[in-house]
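What TrEMBL annotates here:
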- 1-16: signal peptide (SIGNAL)
- 68-390: domain 'Peptidase A1' (DOMAIN)
- 86: active site (ACT_SITE)
- 99-106: disulfide bond (DISULFID)
- 278: active site (ACT_SITE)
- 312-349: disulfide bond (DISULFID)
């Protein structure tokens, strides 16, 4: 009898959780330009920030560096897209079939065609997201959006709004492995105040009994296809050890929590500063003064453009770096915060830390990107306004 009850409970949990497998992009040296990443993040987190066009050509660099994407389908019959899941923004957009032929980024990716979906409504509303090198512009369509594919059951109704991008600025998205972006932040920062697909999923208690989603990012460089997994409406204990340690949100815009401190070789930094957990950011950023001291502590050598390198043979001997969040210590070893990138067959080791000064009211600020999330299973709990971490398996 106990066995039957246990199996019933397991089945109930399985039915109420959606799994979205993720694919990983291998690091390439040419993709990295930390000055561009810094400009992009300033655009993302500093309101009304004007991109420094005199110094740089593109402002979308960090989306290019973000390594992990999964599948989303839109419409009836479903049109499938490779999507970057970004907890640092709050809008869904995909390329539009109406994009001009000279828009290479659009032409090289899957495009949504409202006319080929029996459930699509073209609202005619205009949409624009300001990036560094210009605006991503398009129109707002309404249609069914499904996580995974249309057979998953984790779908919105046909009133879900999203941006159909007709123009993407610059060339940054031309080589991107993903087609579009799903922002998983909060509606308060959504352009045009368009509600997110998760709002409908979370409201459907028949399929979703937990208003949360979680990320497991594989750091196995030899297993590109199995890049990780996002779960919606539940957590997968197969991907973490120990208990989830929870940190309450301190704002309702981003997944913003309090960083108690960061410690390396007995020295502490960032006490009481806010940190945003951002799956759309590849690196780990903090105030420049603190990051410079951390780079020195790990023996990193500056290369210019904000990049630092260490000899790959020294990575196993690098010091641990401890993040204390909600009274719990989270430790990164050298292999966790050093990125191996290749260029023309040569591998170098770059520091995963980058200095970034965000002024008030949003800053000072730490951004915990994939360098951190790759080590710690990360849970984003909308129902209880908190973020949780546990050691990834």
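Every residue gets a Cβ built from N, Cα and C, even glycine.
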Inset, instruction - Using all protein chains shown, find which of the active-site residues 86, 278 scores highest when you count other CB atoms within 10 A of its CB. - result: 278
Inset, instruction - Given the recorded positions 86, 278, 312, 349, state which is nearest to residue 99 (disulfide bond) when distance is taken between Cα atoms. - result: 86
Inset, instruction - Determine the most Cβ-crowded residue among the disulfide-bonded residues 99, 106, 312, 349, using a 10 Å radius around each Cβ and all protein chains in the structure. - result: 106
Legend entry - Of the recorded positions listed as 106, 278, 312, 349, the one whose CA lies nearest the CA of residue 86 (active site): 278
Inset, instruction - Check the Cα-Cα distances from residue 278 (active site) to the disulfide-bonded residues 106, 312, 349 and tell me which is shortest. - result: 349
Inset, instruction - Would you identify the secondary structure of residue 278 (active site) according to DSSP, in three states? - result: coil
Inset, instruction - Could you check what DSSP calls residue 349 (disulfide bond) once collapsed to helix, strand or coil? - result: strand
Inset, instruction - For the domain 'Peptidase A1' (68-390), would you mind checking the mean pLDDT of the predicted model? - result: 92
Inset, instruction - Fill in the CA-CA distance, residue 349 (disulfide bond) to residue 106 (disulfide bond), as an integer in Å. - result: 33
Inset, instruction - Round to the nearest Å and give the CA-to-CA distance linking residue 312 (disulfide bond) with residue 106 (disulfide bond). - result: 38
